[in-house]
Amino acid sequence: MASSFPVRGAGSVTARLHTEERFTGAPPPAELARLRRIRRIGTTAAVAMAVGALGAGALPVLQNPVAGERLFGLWLRVQQSSMTVVMTGMVVVTLCWLLLAPYVLGQDRRGRLSGRIDRATLDRIIASWALPLALAPPMFSKDVYSYLAQGAIGNTLDDPYELGPVSALGTSHALTVNVPDIWRDTPNQYGPLFLGVQKIIHTLTGDDVVLGTILHRVVAILGILMLGWAVPRLAEYCGVSDVAALWLAVANPLVLFHLVSGIHSESLMMGLLAVGLVLALRAVDSLESGPRTTVLFVVGTVLVTGSALVKLPTVVALGFVGMALARRWGGGPLATARAALVMVAISGVTTGLAMLATSSGLGWITKLGAATSLRSWLSPPTALGVIVGGIGQYLGLGDHTAQILVMVQTVALVIAGVFTVRMLFAVSAGRINPVGGLGVSMAAIVLCFPVVQPWYVLWALIPLAAWASRMEFRLPVVAVSAVLACFTLPPGAGLPPFVTVQAWVATVVAVSILLIAMFRWPGLLRFRQSTRPRMLP
């Protein structure tokens, strides 16, 4: 699958972020030996994280499977040590991911061309780092317990979007107790598709927290597998190295820590989006017209719509698929109107069927802004509003922070909307690839969103990884990913400040000792085979 547009260099955004990548061959044997050591270190660190999660993970308050156990419960009794183990592993996995850069980008530290590893090698590395985390208790977020409670609410109430866990299930309900305090009174914020997943899992597991968590992780891993299939194909479509795109989008610590370990709904959302884009754009670029191409396009559009029915922000992807279709039909107002009608028809039918199947009604649309009550410092407009409101209080002008936040956040969303419209017309004019236009638009949406969590960066990073290939993009994105990957603590939240400080001090000391040992005695990381002949029996 290869893109038929845009005209290279036709758009300023394309010129700054994208260039065709060349095949550079395989790394020399000596470098492959070093790569194997990096893989082993990363795997060991991931295993350490999995073990430490028994005491420092985002464990449930009720039905904690390790509580009271003689062996596994030991980690709960030494939580500070467990925190240090997990956080040390977290930093080491992130460092190992950074050390993979020369092997996947095809450039050494001086910017000279070098060899790239193949897909199979990178797939094995990702699997060896992700598997220990997939078998461990959740870490970095307790959102999965909200998912379980929302599934129970969906199977209990006629309107699953009316009440939060406390009001719907009661304060003492097992599923309510495990929900983080900030979400106990908040109604479901997810679309009909994810509500359906929540309801099915609750039907299968009831109030069993452990089994429910396992099934939600299975869904998350399915989403990541979809990403692993689709991202290389999107990269091929955009003329970018599939290995580089896979490293940035799937091997990223944000994916390992927050989608595999944290079990966030973004895994399903982005997996459906990526697969849907592959199918829909493949159909648009197909030289053959017929039932097969039509079915391919419809299935792709349904999957993209399904992504938006998990979380709404990815609905903008429908616009970029529609603009690609309009350009395929010759462009112009008439072709754009025809493509818009096709997209509205397919996505409308898909949404209606999903709402009918889950009995969700329109409540999911009215509850989309529920999370904006949180003041997220990672959100530029929210941070700006809080700072301006604080300055006003300091000057004696009164507390107008809430009103300032509404104004700043509204202006920011309008800016994101204008930027998205600009990218849509750029796709229609052939100045930018639809995958690139989507990625740039999602970046604007994330930057202007009222609430930003570390893993929200993946909304933009995954499509951009398949299109933006210049170092001017990759270097800052890699740096931001590494910092945000280590931003959230293993239990997710609720730790006293002194515990956090102690854990970070211990982590810095432990990582420093490991780094000194690696540089002082590099032979410790080599596994030499003996050259002495073996004695015959």
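Numbers here mean position along the shown chain, with the first residue as 1.
Placed from the backbone N, Cα and C atoms, the Cβ positions cover glycine too.
Packing against the transmembrane segment (41-62) from elsewhere in the chain are residues 72-79, 81-86, 88-90, 92-93, 96-97, 125, 128-133, 135-142, 144-145, 174, 177-178, 209, 213, 256, 261-262, 490-492, 525: each is 6 or more residues past its ends and has a CB under 8 Å from a CB in it. Summarising the annotation, TrEMBL assigns transmembrane segment to 41-62 (among others).
Same-chain residues lying 6+ beyond the ends of the transmembrane segment (82-106) with a Cβ under 8 Å from its Cβ atoms: 21-22, 24, 27, 31, 35, 38-39, 41-42, 44-49, 51-57, 75-76, 113-117, 122, 125, 129, 139, 241, 243-244, 246-247, 251-253, 256-257, 474, 478, 482, 485-486, 489-491, 499, 503-504, 506-507, 510-511, 514. According to TrEMBL, the transmembrane segment annotation covers 82-106 (among others).
Taken from TrEMBL, the feature transmembrane segment applies to 209-231 (among others). Sequence-remote contacts of a segment are chain residues at least 6 beyond its ends whose Cβ falls under 8 Å from one of its Cβ atoms, and for the transmembrane segment (209-231) they are 60, 62-63, 65, 123, 126, 130, 134, 138, 144-145, 147-148, 151, 174-175, 178, 197, 201-202, 242, 245-246, 249-250, 255, 259-260, 263-264, 266-272, 274-275, 277-278, 462, 465-466.
Taking Cβ pairs closer than 8 Å, the transmembrane segment (243-260) reaches residues 21, 46, 90, 93-94, 97, 100-101, 104-106, 116-119, 122-123, 125-126, 129-130, 133-134, 139-141, 217, 220-221, 223-224, 227-228, 231-232, 234-235, 266-267, 454-455, 457-458, 461-462, 465-466, 469, 474, 477-478, 481-482, 484-486, 488 in its own chain, all 6 or more past its ends. Taken from TrEMBL, the feature transmembrane segment applies to 243-260 (among others).
The transmembrane segment annotation in TrEMBL covers 267-284 (among others).
The annotation transmembrane segment is assigned in TrEMBL to 296-325 (among others).
Panel annotation: around the transmembrane segment (337-357), residues 191-193, 196, 298, 301-302, 304-306, 308-309, 318-319, 321-323, 325-326, 329 of the same chain, lying at least six beyond its termini, place a Cβ under 8 Å from a Cβ of the stretch. Residues or ranges marked as transmembrane segment by TrEMBL: 337-357 (among others).
Remote same-chain residues near the transmembrane segment (377-397) are listed as 404-405, 407-409, 411-412, 447-454, 456 (criterion: CB distance under 8 Å, separation of at least six residues from the stretch ends). Here TrEMBL flags 377-397 (among others) as transmembrane segment.
For the transmembrane segment (404-425), the residues of the chain that approach it from at least six positions outside its boundaries are 13, 316, 319-320, 323, 372, 375, 380-382, 384-386, 388-389, 392, 432, 437-438, 440-441, 444-445, 447-450, judged by C-beta separation under 8 angstroms. Marked as transmembrane segment by TrEMBL: 404-425 (among others).
The feature transmembrane segment is assigned by TrEMBL to 437-461 (among others).
The transmembrane segment annotation in TrEMBL covers 473-491 (among others). Long-range neighbours of the transmembrane segment (473-491) within the same chain, counting only residues 6 or more positions beyond its ends whose Cβ lies under 8 Å from a Cβ of the stretch, are 16-17, 49, 52-53, 56-59, 83, 86-87, 90-91, 94, 97-98, 101, 105, 139-141, 244, 248, 252-254, 256-258, 454, 457, 461, 464, 500, 503.
If you look up TrEMBL, you'll see 503-525 (among others) marked as transmembrane segment.
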